[in-house]
């Protein structure tokens, strides 16, 4: 209790302030009743004049519980919790109302920990919580997702006899729903009699279903609610409209719109905004625009919703027009407006620099949502330098920021850079989500980094995150492209839902690992599961046929594309077919198909034809293919080298030298053949006749031993792959020291005896090395996995998975 001073509180004597004179009279007159003082104290507190209220409180000669609670409540209402707590601590006769008032204030103004501490202390001191106390702490549990704390409070509710209190039950339903325990919320709702359920409780259930991703249940519940003639309000309608959006229930949304008009909420800005959003997300952009145009006030949320709708449905120009209209109306653009406009830049509807400039001028460059959208936009427009600059200048980065940059590098072919950024993210302490995991696994697949991919997979499992279809698809692709078909099968079998990407990943994976017939088997299973193949599926399917020599099957699938599925063949499909005919020696059919193409042949088509001509020694057709490649890819060394090798194989040394001189005059440098393998988390690189490895002596001693032993087993060097004009002995030595053979020699020395030797090559494996690997696998009883630019070769017991059809 505050000690009363000897002086009377003096207020201003301004005659224009009769309320102050009334307060002065109340305090000065010692006989004035405490009732009037409390009334004045309450009036000052509720009007927000807390300082004046405190002066009156301090000078009151007598104070009762109401006086203390009113003053504490006054501080709480304006967020001055420190002063409220000071009064609370010196008040010796605290009641449940006193406790509830301070607890409510702590909850309202974000002091969650203190709110729970007060709730516990209240119970320890024997005070019974009120319905408002329970309501406050349950709201905290809802907002923070504290399900265990919420369940404990539920126990207190039952213990204190509030389990039938509608206000408290509504708080419990809301808490369970927001904590993803919708079944418990449903149980509580059904436990109340129908006559005790108000519209707030019904709305809480509808909201719960919608927020838990069960839009259909929310729609069903709202329909039942309407049948029971329960009134809806401005909170119910936006919730059910959101549920309609999530399940694209446009017809039901239109019925809700009718209910809104009949209920008199047609002019409510929140309801109108939800209507615009529902129509836009359901693709009814005409009605979305009508609702927007009929709104009395310019609501930026509604305009943003319509802009997003236009962008999502491919109407970028209409979105830009809306954006310009927002400018013309002097509307306050927010950080949700710009991300949608930046999406228009991706399709080339507007210059990215002009939007970026506007973002800077309006001061939104430091908003995380806008910065993330900028990084994503620059990445999708293949401007990774700008994407990285925006990323580096961000004051605060979240997992979305990192994901946008990592995904951008990966999608633009800079897979190594994406892995580096991912490692930086982990060092920064940012926990990856499903999106970035899927992206980084795809990068591992492209680089065939099996061990790194396994680490990412392991970390993802340990994180406890739910897997997603995109993560599972990336895992299937990563393991398949790294030659681990058993692991790819395991992931595939564990997936409850498989889409066309899942099936395609497995079809392509088996084809790349020399199991073309298995690819066809998976395709049949895919069609049987009512999954329609797409453009990419047929590329994998035709690739499988070309690498397994399945000419008839290839023809059948090529014809099915357009006739059955309406998919027009692209250059990639023609390339596979020409490769199929070329590998089978049917160069006339390949040439005929080339001349009948509906699309202009690209470099991929000519490369397939050139490779076929290389195998079958067709110089005339090979020269035609190479000449076209010289024009399409003038800086690519591949056609020059291939044609030169063809001349060399035909012993046309002068023509071969002429091509080499042409390359040199144009400054075109052939990419040197390189093979590598990973042992004990370290990558070891080799080039032909490499003398730079620390274990050089051991490696060359081993390769000499290997050559002796496989020759004894029947291996004969294929001189056709020694393309230098030298004697037989020199050619044999040159073949023996190819990078693949040096890599396998090191693998025999360093890799555990029971482990496969995994070798990767940046070019296609030569025929002599392919033959040698078969003998090495049998003589040394090792499983050798060789991945070249074309496919995987699994060598076991003298056989290759490609069946020598590579």
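Here the Cβ of each residue, glycine as well, is placed from N, Cα and C on the backbone.
The feature domain 'DYW' is assigned by TrEMBL to 714-806.
The repeat 'PPR' annotation in TrEMBL covers 33-63 (among others).
The repeat 'PPR' annotation in TrEMBL covers 64-94 (among others). Residues of the same chain lying 6 or more positions beyond the ends of the repeat 'PPR' (64-94) and with a Cβ under 8 Å from any Cβ of it are 1, 34, 37-38, 41-42, 44-46, 48, 50, 53-54, 57, 101-102, 104-106, 108-109, 111, 125, 127.
Using a Cβ-Cβ cut-off under 8 Å and counting only residues 6 or more beyond its ends in the same chain, the repeat 'PPR' (95-129) has close neighbours at 65, 68-69, 72-73, 75-77, 79, 81, 84-85, 88, 136-137, 139-140, 144, 149, 153, 156, 160. If you look up TrEMBL, you'll see 95-129 (among others) marked as repeat 'PPR'.
Across the repeat 'PPR' (198-232), DSSP assigns 26 helix, 0 strand, 9 coil. The repeat 'PPR' feature in TrEMBL is assigned to 198-232 (among others).
Long-range neighbours of the repeat 'PPR' (299-333) within the same chain, counting only residues 6 or more positions beyond its ends whose Cβ lies under 8 Å from a Cβ of the stretch, are 269, 272-273, 276-277, 279-281, 283, 285, 288-289, 291-292, 340-341, 343-344, 347, 349-350, 362, 364. Taken from TrEMBL, the feature repeat 'PPR' applies to 299-333 (among others).
Under the heading repeat 'PPR', TrEMBL lists 398-432 (among others). The helix, strand and coil residue counts that DSSP assigns across the repeat 'PPR' (398-432) are 26 helix, 0 strand, 9 coil.
Taking Cβ pairs closer than 8 Å, the repeat 'PPR' (499-533) reaches residues 469, 472-473, 476-477, 479-481, 483, 485, 488-489, 492, 539-541, 543-545, 547-548, 550, 553, 557, 565, 567, 791-794, 800-803, 806 in its own chain, all 6 or more past its ends. According to TrEMBL, the feature repeat 'PPR' maps to 499-533 (among others).
Annotation source TrEMBL lists repeat 'PPR' at 570-600 (among others). As a summary of secondary structure, the repeat 'PPR' (570-600) carries 22 helix, 0 strand, 9 coil according to DSSP.
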Give me the mean pLDDT over the repeat 'PPR' (299-333), rounded to a whole number.
87
Could you give me the DSSP helix, strand and coil counts for the repeat 'PPR' (64-94)?
23 helix, 0 strand, 8 coil
Close approaches to the repeat 'PPR' (398-432) from elsewhere in its chain (Cβ under 8 angstroms; 6 or more beyond its ends):
368, 371-372, 375-376, 378-380, 382, 384, 387-388, 391, 439-440, 442-444, 446-447, 449, 452, 459-460, 463
